[in-house]
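These features come from TrEMBL:
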- 1-54: region 'Disordered' (REGION)
- 337-424: domain 'Ig-like' (DOMAIN)
- 618-717: domain 'Fibronectin type-III' (DOMAIN)
- 718-811: domain 'Fibronectin type-III' (DOMAIN)
- 815-903: domain 'Ig-like' (DOMAIN)
- 912-1007: domain 'Fibronectin type-III' (DOMAIN)
- 1025-1109: domain 'Ig-like' (DOMAIN)
Amino acid sequence: MPEPTKKDETETENAPPPPEQKTPQDGGTEKGKVWSIGDGAPEETEKRDDSQRSTLFVEKPQSGSVSVGGNITFIAKVEAKDLLRKPNVKWFKGKWMDLASKAGKHLQLKESFERHTKIHTFEMHIIQAKENYAGNYRCEVSYKDKFDSCSFDLEVTESSQAAPSIDIRSAFKRSGDGQDDAGELDFSGLLKRREVKQQEEEPEVDVWELLKNANPSEYEKIAFQYGITDLRGMLKRLKRMRREVKKSAAFAKGLDPAYQVDKGGKVRFMVELADPTVELKWYKNGQEIRPSTKYIFEHKGNQRILFINNCTMTDDARYYVTAGDEKCSTELFVRDPPILVTKGLEDTNTYVGERVELSCEVSEDDANVKWFKNGVELTNEPKSRYRIKVEGKKHTLIIEEAAKNDSATYSVMTTGGQSEAKLSVDLRPLKISLALEDQTVRLGQEIHLKCEISENVQGKWYKNGQLVEASDRVKLYHKGRIHRFIIASAAVDDEGEYMFVPDAYNINIPCKVHVVDPPKLHLDGLGENNTVTVVAGSKLRLEIPITGEPTPKVMWSKGDKWITDSGRIRAETYPDSSCLVIDTAEREDSGPFRITLKNEAGEDTALINIKVVDVPDPPQAPNVTEVGEDWCVMTWEPPANDGGSPILGYFIERKKKQSSRWMRLNFELCKETTFEPKKMIEGVAYEVRVFAVNAIGISKPSMPSKSFVPLAVTSPPTLLAVDGVTDTSVTMKWRPPDHIGAAGLDGYVVEYCFEGTDEWIVANPELTDKTRFTINGLPTGSKILVRVKAVNAAGESEPRYHPQPILVKEVVEPPKIRLPRHLKQTYTRRVGETVNLVIPFQGRPRAKVSWQKNGSPIDKNQINIRNTENDTIIFIRKAERSHSGEYDMKVEVENLVDKATIDIQIVDRPGPPEIVTIEDVWGENVNLSWKPPKDDGNAAITGYTIQKADKKSMEWFTVIEHYHRTSATINELVIGNEYYFRIFAENMCGLSEDATMTKESALIAKDGKVYKYPVYDDFDFSERPLFTQPLINTYAVAGYNATLNCSVRGNPKPKITWLKNKVIIMNDPRYRMFSNQGVCTLEIRKPSPYDGGTYSCRAVNELGEAEVDCKLEVKVTQ
């Protein structure tokens, strides 16, 4: 019995089985068909939801009829107008069998596409149709979510030719030539046409001829038909028979290649000799045959005959006859008589599950008998549900537990006959002994469904109409009439309506399973103590997975306040989770939130801590505790609120007080609350501020610190030396520090200590801004050490020490005037300028200074004299010419004297010359003479300036400047004009304020000549362009501007055009062109090697054109 097909299983999964199973059609076979598995009626075509149907066919395949052995083609067409790619087309026979896997000799599937009409054509060709090809077919086309289907029928009719004679050998023909079904025996046609159970008498058949002419694949069939038991030996003999027989001289006629005889029959061997006198011997398998009642020899002329009576299977052998040296051989085949069916099969009716035995008897013991179901041979394999039992002549087909699909026509066949009978298997009336019960189970517990029916039949379990198969989780048990369904651990998806459907019965046993699960909160993803951290200002969407069956009711609360499903803080509930949503988190939202789940199975609750973290508060304004030249030290306190997250560090910024731009000072967090900014500009006021940083972010900045100015102390004073010593005082002098800095210099501190002590005494309690200081009140004869410090806003500088101790005792120093070099010559100043002369001198102690002018004491009302211990100053606020003279200076120290003389000259502009006289006038010339001015301004006259004026206009024009003589000749005067002249005197201070003019005028007479003006023709200035200075080859350095210059003339003014490599340069920002007074310039901005080449300058006007060129090479510096 064949196993159930896959389609049968699929249909059972989708719906309960039909009330009864239909008996397969007679003549239908399992292996005898080419692609007949799954044949079904048209009404069993698989249905689809109408919502998925759409019209895709433009031409559907139509039902058709074909004769056995004929060809037929079915055509389907699909329009591709709205399809982006080729649709998917499948051909089916019956409900489910896909014909694509059966394509071959008898079935061909083709497809084509017409581009003009955009039509896909699909064809199914059936070649050499057989009767079992008839049935219902279906063509399906699908494209994405579109689907269309069409069913059609094929009818295969008998050929009009007369049926061939029935031959048992036709039962052994191969059903295909190299196809998938090749090699299977087809008895269906034979069984359909047989009308008698016993085989009719056939004419004598020569088995040897059959074997000689048969295909090797036919040998076993022939052996079964004719009862050949030693097929291998027979084939060896057949091989010897086929060898070419040489022509014999002893035998006029030899033995035939082979002979056959029925068991118990008589056979005759005959040869004809060419020479009847030759001795003849017969042999069987090499043993000589002696005459007996079994073996009879006859002689008729040249014929020699051997008769073998009552042949048995031992006579089946090789025979040969010898005549002299020659031999002639043959093969004898003894066949068993046909096996006859002596007692046929009988029709049987039974119930499903009963044991069935179909028996028949044949004419021989242990005969070879074949069993068939609907023409398909049944084998006695271990796994087959059919068992064949042989007891002598009795042969029995046993079915241990009959099934509905065992209803069929069973037949038995021998070499000499056959018999058939119908088996009908019906269902027993089914009773439900124990029905399924509705169950309510908790999640994770066992689901155990049990039912009992009156019959021991298989069945299927369904959940919500879907077939349930056994798996690792679902266990299905069947023992006798009891069926059980077990799920060890119930899940939520296991809830539903279950039913058990016995196979082959149109009844079902239903029940309901309700799975309940106490509600449970799954808080595995939360942090320690169910804490959830959220950044202030961001949105929190906390999703808590929940389980429970039925779906539990979820309630959120904070304190005594319930949280609704709307507002800034709200709860959202879904089937498998609940969400707490905070749109914009605030610090006040921190705290515990309670979530509670309830359903009919129980409740669950939990506290969830919401922690809203924020950036920290800004720190307080920092304090600057120490300031240096370009640095400072700042400190601050941590912020009062860290935002719920520990402070990780600080960022520091600074800015100039007058600026608004802050600059970050550290890019790595400062872990401490102190920092030392550096690289500031000395003397510039700064402010600093601090940012606190935590894991959330950076706080707002602190308030700026008080402004501060980086300052540095000065370097030590320089050149500290003793300026004077008396019996009770020491006078020190020094120079300012080399480096003072932006803090400036506030003054100096002078300190001293007596030799042998370490106590330094401040000589000046208040700072002195002088670079000289006298330490008074010192004991005479003592020795002191002196040091000086410079002081500014940043503090005191390093001290400058006098290298040696100083003895406090006055020393006489002779006077000496150190007259500056510029005073050793005449000291000249202009009237009105200031005179301020400082003359240093030496002399100790108590030098006395005195002044005289031209041997007379100085009038202190006009000249200020101020004396110090080291110098004397003569000061005249506004010099006058009367201050000129020799000044004598005298310095006296006790009896010692030193003198010096200073010559001071105060100068002014001179007066005008005295009298200007016109000495002579001739032609175009006038001779003038004058006298020097009476007042030379206390300085030598350096020259004169002569001017002339036409009497008519009296506009003065300079004729001669810086003239040194007192007479001069004025030339090139205009004839007929009358002139006046004036003269200015000049010294080192400039021209005299006034000039002396001639009293008379000088007339330039014509001397009787009549001037005739010449007549000139208009000059033609037109000229074609001409380059007066051409371009020259130039070398330029890359990156530095280069210029090309040339000059051109022409009238009218020519138009200038510049070209590079004969291409006009236009609108290129890298070039600038200038033209000024005929000089043409091309400037190339920052040239590169690409700018090298031949440059041309073209000048064009209406009279012609001219062009010059040069080469420019751009060199790149290495």
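Each Cβ is built from the backbone N, Cα and C atoms, and glycine gets one as well.
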I'd like the per-state residue tally for the domain 'Ig-like' (337-424) from DSSP, helix first, then strand, then coil.
3 helix, 47 strand, 38 coil
Whether the domain 'Ig-like' (815-903) meets the domain 'Fibronectin type-III' (912-1007): three or more C-beta pairs under 8 angstroms:
yes
How many helix, strand and coil residues does the domain 'Fibronectin type-III' (718-811) contain under DSSP?
0 helix, 45 strand, 49 coil
State the mean pLDDT for the domain 'Ig-like' (815-903).
90
Taking helix as H, G and I and strand as E and B in DSSP, count the residues of the domain 'Ig-like' (815-903) in helix, strand and coil.
6 helix, 52 strand, 31 coil
Counting each residue once, how many in the domain 'Ig-like' (1025-1109) are helix, strand and coil under DSSP?
3 helix, 54 strand, 28 coil
